[in-house]
Amino acid sequence: MRLGVNVDHVATVRQARRTFEPSPVFAALIAQQAGADQITLHLREDRRHIQDRDLELIKELITIPVNLEMAPTEEMREIALRVKPDRITLVPERREEITTEGGLDVVSLKEKLKEYLKPIKEAGIEVSLFIEAQKEQIDASVEVGADAIEIHTGRYANLWNEHRFEEAKEELNRIKEAAIYAKEKGLKVYAGHGLTYHNVKDFVRELKGYVEELNIGHSIVANAVIFGFERAVKEMLNLIKT
């Protein structure tokens, strides 16, 4: 599996004091040097962590793919078309949430997304949709022209963290079924949300060969505070690639 390192929470620490450090751009460069396959960042509408300039600099300086997570708004589309990340991942956003709480409801947004995504696809940017492991959401993702889906792993992560291992295994089976179905429909399959150094091993063991890439941020940044960013990235890479 590939590893996309999400640098949002490096920016969270910086924005706590509205200062210039730590820099998510430097973190992205270190992650790249450590062997990360991709840099992921979420430019939220409220700019609570990543700022526009972070995105611009990361796209300019990083040589591995850049994955921009964003809400399906006109402002974000304009930014994506200007900066041209390698991939955009559409996610739902609510201002009161601490982090993204669930998948995008592609079924209800289907007609809007068909039109919304056209210029992005014409610009040669890969389109991924962050969704729940549900067949109806996968079918809708195909209909709107997505190239890929990213399956929301939050429920699995929460169950594992609460030591509800049997339920966590059932959730892994549900994710696996969704991944198989999505691949049959011609979609690339990624996954992420809530994955940590502790719960990722079971995920990789069960989903290797079905999921191509994991996007992980908070756990890596949390460990980087103690052990350093390069070591934190390398240790996660060791867990998902062996």
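Just so it is clear, glycine is given a Cβ too, placed from its N, Cα and C backbone atoms.
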**Request:** From the candidates Gly35, Gly186, Gly194, Gly228, give the one listed by Swiss-Prot for the same 3-amino-2-oxopropyl phosphate site as Asn6, Arg17, Gly217, His218.
**Result:** Gly194
**Request:** Fill in the CA-CA distance, His42 (active site, proton acceptor) to Glu69 (active site, proton acceptor), as an integer in Å.
**Result:** 4
**Asked** Within 10 Å of Glu69 (active site, proton acceptor), Cα to Cα, which of the recorded positions Glu150, His193, Gly217, His218 are there?
**Response** none
**Span of Asn6, Arg17, Gly194, Gly217, His218 around 3-amino-2-oxopropyl phosphate - largest C-alpha separation, Å** = 25
